[in-house]
Each structure stands twice: as C-alpha cells, then as structure tokens.
Amino acid sequence: MSEFAKTILHGYGVDTPEVREFSARICKSSGILKKHLAHGREMYHGDPNMQTYGAPSLDKRLSLFTPEAIKIGALAAERAISDWGGDKSKITHLITYSTSGMTTPALDMQLIKALGLPQTVKHFWVSLMGCHAGVIGLRTASEIAQADATFRVLVVCVEINSAQAQPLNPAHLLDLNNHVVSIIFGDGAAGVVVGTEPAEHETPIFEIDRCHTSYIPDTDFHITARISQSGLVATLNKNVPVVVGQNSGKFVAQLLQGSELKPDSVNWAVHPGGKAVVDAVEKGCGLMPEQLRWTRYVLENYANMSSPTILFVLDKLRDDAQKLPTGSEHLIHPWTVVLGFVLE
C-alpha cells in the first residue's frame, strides 16, 4: 500500500515529501495490505482535467468505468453460474448493482449480451446504493425467488472505484477525507445465483433464513456520494465507526430475536468498510477478533470494494469451510450473521 500511495500521488501531480508521508501513514493504519485496481496513474496521462481538482472529467471517468465493469462483471457472473451448477438458460432474473459508474445501454443489458442469457430474462440495474448493495442484493433475490420455485436470480455487483479517484484539493493537500477515500476503496466484482427448491445438479452453498433492516435517523451526512462534473465525489465522516459501533449490537440482537442463536454461536460475515469500522463492530457486538477473520482477510487483501465486498467475505468463509478436515467441522458454525451498512 505504500507503493500505492506513491503511485497515486504521482498521478495527482502532488508527490511532495509532506503529502507522501501523510498518505503513507494513512495506508499503514488502514488495515489494507493490497488491493486490485483496473486503472492506475496512467489514467491521468494526456488529460489535464483528470489531474485538476474540480475540473470536468465525468465523461472520461464513465468511459473508463464501462469496459472494465462489463469485463469483470461477466467474469464474476460466469463463476457464480459455474458454482451454482445450473444452465444459464435457466436464469430468470438478473440484478446488477454499481455505485462507481453508469453506462447506456445499462450494465444489466450489457451483461445479458456478454453472458448470452435468455432474451426473456427479467433485469434490473440499481445504482448508487453504496456499500450495503451486496446484502440488499441477496435479500431482494431471495424475496423474488420465493415467489416461484423455478426462478433463478443472478445477482452481480461491480465496482470500478479507480475510475472515480479524485485529485487532491491543492488548497487542502492534507485533507483527511481526500486521502482516505482514495486509499480504502478498491475494484472488484462478485456474483451469486439465488433460488429455492434446488434440483440435483444444483449446489447450494448458503440458505437465507431471515433478513432484517434498521434505519438509523440523522446520519444522512455521514457517508455521501454525489455525481458532479468532476465525477463521483465521496465524503466519509470521522464518526462513521462510532455510529456503526453504537448500533450494530442492538441490530444483531433484533435479527436473532426469537432464535436460540447467540453472537458466539454463529459465523460473522461483516462488510469491511474500514479497519475502524470492523473494530467498532467487534466491540459493539462483543466479539473476539477471530470471529471477524474472514472480514479482515478481505479488507487486507482487497480493501473496501463497496457493493461486492460482502460477497467476497462469504466466499472466503465458504472456501475455509470446504477445506476443513473431517472431524473439525465444529470450527465453523452452521449459522452465519451477514452484516452490511450504509448510513442514510
């Protein structure tokens, strides 16, 4: 990540020792060891607006988003279909989520073509939902699938956050928000197929038992993302971990109400919004560090990718469970709490 700080600051054209040291400190404390980007500093070459704070660059950023989103979105979808074990001609619904860009034809239409899905597939594209879109996608797909046992819903979450990386404000080169937003977000895509009453050739991995949502009032300014002529501009309030920590424990208590499940008798798949956010969930829910090992693994190796991130956490949990030797299945619980959040 220290190399990333040098690379991105060079792209911004502000690679001074003071700014480099400031950014390196944030990288070191972020809990992120590496992340994956579709675009590096080369995206700033040949376009002065991409290097100038507040300059119009939305068109360029969307043109950077589209081909990469289609490419990695299709790869994620193909993997999800392979894991599912069914034939893609049986996909009845497609839901795509992305906050980091948009395109016309929309991403859902582009993926139908790229994947060769049936022309009759019902499709939706949801934009600007943010970090909890992966959880919302699972919930929505589950509710659709329950309407008809033949429905198979493909959910694809795609983010090319690197296309929206904003130059630093020359008047505030050490502004914490600018650096944090550039550092904590990575690129990625993930997919999943959801249905009911699986056939013999289908391979279910998780079963969705219940869903719960809770709105936290007066938090609309904590996380913002607005589309401007210079691209997608995000702000993160320093109190986000505090709000998450204060509310996560009672939220999970409401989710588990009526069951015999307790925080220490379930697996935990938490959206890794950042190191401080993960630490706040650990404290707010009374967890041991080991209980958030899958969340921290994804944060360390992929950063916060926004919508697909929680699906990466579930995939890591699944992968570890499949590698357990016979007789040690007790190391991973049969039930999992999946937690995502965005402050409204």
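Here the Cβ of each residue, glycine as well, is placed from N, Cα and C on the backbone.
Over in TrEMBL, the protein carries these features:
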| type | residues | note |
| --- | --- | --- |
| DOMAIN | 15-198 | domain 'Chalcone/stilbene synthase N-terminal' |
| ACT_SITE | C131 | active site, acyl-thioester intermediate |
| DOMAIN | 211-341 | domain 'Chalcone/stilbene synthase C-terminal' |
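Neighbours of the residue listed as 'active site, acyl-thioester intermediate', defined as other CB atoms within 10 A of its CB across all chains, total 26. Assigned with DSSP, the residues of the domain 'Chalcone/stilbene synthase C-terminal' (211-341) fall into helix, strand and coil as follows: 61 helix, 21 strand, 49 coil. Confidence in the domain 'Chalcone/stilbene synthase C-terminal' (211-341), given as mean pLDDT, stands at 93.
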